[in-house]
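What follows is a single structure, written as structure tokens, with notes after it.
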């Protein structure tokens, strides 16, 4: 079997990565297509039964807005209920803040800060609803759902950061078509969705979440003037401050009460103004207060938990109605129900892609005939959409038939397939409606039949809306299969390369172990367990509960792995000494002490990190260390931040002094560690307080200086250290590596390359790790500063274990252990597999204005802090872990040296991630019709894709650092050899 050369290894690895990227792209585009939508906009045909010949004016597209409005009113047969609409969006407001939850009223605090809103609800002047929002619970897709009634594709969560114009049928365009004058104040997402449709607007960025004051002031400063004007029909107010307060401090933030009170004052101001407008006979105005989504306890959103999907709909201005207040406020609707309700209230066509059903209480003031007309129009629209989704559905012709007076209507029991059931429900409603019309004309008693007709329409609307909302998007089988096949093949390539490398390296390692007992040689449980971890993880992926609580799997499996290493360290110690455990106290076994102590330190810090955050979904409410710190007060958190920063700087400087022959160089480089660290400490002391208002210019300037220094120092370490590291003399080299071979020059160059490479790569690796930890102290939540320190301690302890006799552990097993530490740390920092735990607030630290690119990069850095730290530690690992020295220096070139040095730190993360990626891709494909496919499995897949990108970036940094450094020392070794010849 021919040896695997460096060139072959590189080409195979790069080809496998490219193939994996292609396969992943194909699968994502196939599995998460943008949800199909009917093109065009609804028109006069919406007021006629589906399947009937249209009698509308063929030149309707040439009508002026006022003429189109008159045509709609004529066809509608029901006058619009209101003349103007104020749509007030309170971003992130949970409905339970206003309406309570289950059988409980709102908390006493919320009742006290919203007195006017509670008065409106209690008096029957407002109707409140819990509006269920579909995941992903982020702003842009939720706004689309409210104005179009359609449920967007899951990847709208990504498009939320780069909003494009909404081209599908929607209410804003329908209002514009009939000549409405519209004003928008607030979140600029509206301007991006509907460019050019607003007469006046003042948009603010929704992503700069550090601002909780100015962002709402910019809306309210225009409100008084707009309410006094009569030149608009639609006023949109989108307040962002409450959502930003949540992102910064959670639901329990000290600023939440004052922000909710501010919103109550705005509602009071609008209601009193519109009431005066109506008293002056200037028309009726409807105030609709909505929220796009809720928020979790820590203030985030994006997932599918009740707290995130519980949004608010509040209708103010309807005809007052005496009703049971608790029952009214506990009613539940869907967010998509807003679109058909507003369309029918204002007499415009329902958007084509609407899947919602109108809110019945909004039409209580209408006559029985008009209410049935409303139900009929909503049913026709949903039937048209069903006919597109279910080819061959022909029950629409029933609405065109004329029921004879002698026919006796009846309710048919609806069973069978979806098509048969939906047709049956629609037929029942049509038959009863026509029968009611005929009896109304003959003045016979039709009260009971009216209620039966309403019930029949409700049954059809409910079934049709549920079916359309849960309709899976079409997934092209060919694209999915091609994507999975490409990823499987790339995974096999990575595994094959690792197997070949292990076969080449392991025989060399046997010689190092020749003096050890047979028990050590035969004990390979640790290596088997490394592979078992991935196998166990793959098996767990098929359970939605295990996906939600994945952090427990990683904490348990990683701790068990290091317990296995502890057992093996003790076994190897006994095998070397041939004595009992009393020999452990002898000085000669100091390295064994370090090994055992290092593993114990990893286990202790791992247990503390396990209790730092109660992540996941089911037990996130339980107490943990981070919650205790937040309750203890800001001074405790700040103290921990400062202690963590000092310890990280101290560890970084101290570790460089292990380069005994390079103390002077290490001291100079260590001093550079102190500069950004000192600035981070200054920022913690001066700017990190409990105020979540817009960041000061001083804070932004300090952070930007820190970013610059960290970037410059990192690049300086990468480019400069290989050139500036002191050149050892041949005499020193011989001391380092033993006697030289007969071919002095070849041996000299090889020894120079090995010693210089290891010294440089050690320093560069520490620079990467140290600067990355300082960056995390700056970006992470303040309570996460200690876990960042613990992650550094775990990696340092692993390196000491490796350097003090860890040669009995195969390369791939040790690299896998480091990688597992990074994945366990990912959850220890509070991350989960739901989108709600993404730290949006941290992504704007040091940024003066919103930048999608910069904020996205910072968000990625915060989320994948731990896995990236583990990957960056591979650079230092290459300097510590022994590789097989060449038998004959004359036969070894730089390619072979790189292969033996870089292969495992790069291929093991790629291989392990590939197994997880392929396995979860197959799981997602199998679970495509699962109840939780969009709420659990799909968010997890986005995390898997992001983790794949993290591995690519980390491996690229490791490989480029090693290649560049080795080539620099290869060049310098040639220069040294020339000088020696002279």
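Each residue, glycine too, has its Cβ placed from N, Cα and C.
Database features, via TrEMBL:
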{"type": "DOMAIN", "residues": "528-646", "note": "domain 'GPI ethanolamine phosphate transferase 2 C-terminal'"}
{"type": "DOMAIN", "residues": "769-964", "note": "domain 'GPI ethanolamine phosphate transferase 2 C-terminal'"}
{"type": "TRANSMEM", "residues": "9-32", "note": "transmembrane segment"}
{"type": "TRANSMEM", "residues": "477-499", "note": "transmembrane segment"}
{"type": "TRANSMEM", "residues": "519-540", "note": "transmembrane segment"}
{"type": "TRANSMEM", "residues": "552-570", "note": "transmembrane segment"}
{"type": "TRANSMEM", "residues": "636-657", "note": "transmembrane segment"}
{"type": "TRANSMEM", "residues": "664-685", "note": "transmembrane segment"}
{"type": "TRANSMEM", "residues": "705-725", "note": "transmembrane segment"}
{"type": "TRANSMEM", "residues": "760-779", "note": "transmembrane segment"}
{"type": "TRANSMEM", "residues": "809-829", "note": "transmembrane segment"}
{"type": "TRANSMEM", "residues": "857-880", "note": "transmembrane segment"}
{"type": "TRANSMEM", "residues": "901-926", "note": "transmembrane segment"}
{"type": "TRANSMEM", "residues": "941-971", "note": "transmembrane segment"}
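Put simply, of 636-657, 664-685, 705-725, 760-779, 941-971, the stretch with the most CB pairs closer than 8 A to the transmembrane segment (901-926) is 941-971. Taking residue pairs at least 6 apart in sequence, the transmembrane segment (760-779) and the transmembrane segment (664-685) share three or more C-beta contacts under 8 angstroms. Confidence annotation: the domain 'GPI ethanolamine phosphate transferase 2 C-terminal' (528-646) carries a mean pLDDT of 80 in the model. As a summary of secondary structure, the domain 'GPI ethanolamine phosphate transferase 2 C-terminal' (528-646) carries 96 helix, 0 strand, 23 coil according to DSSP.
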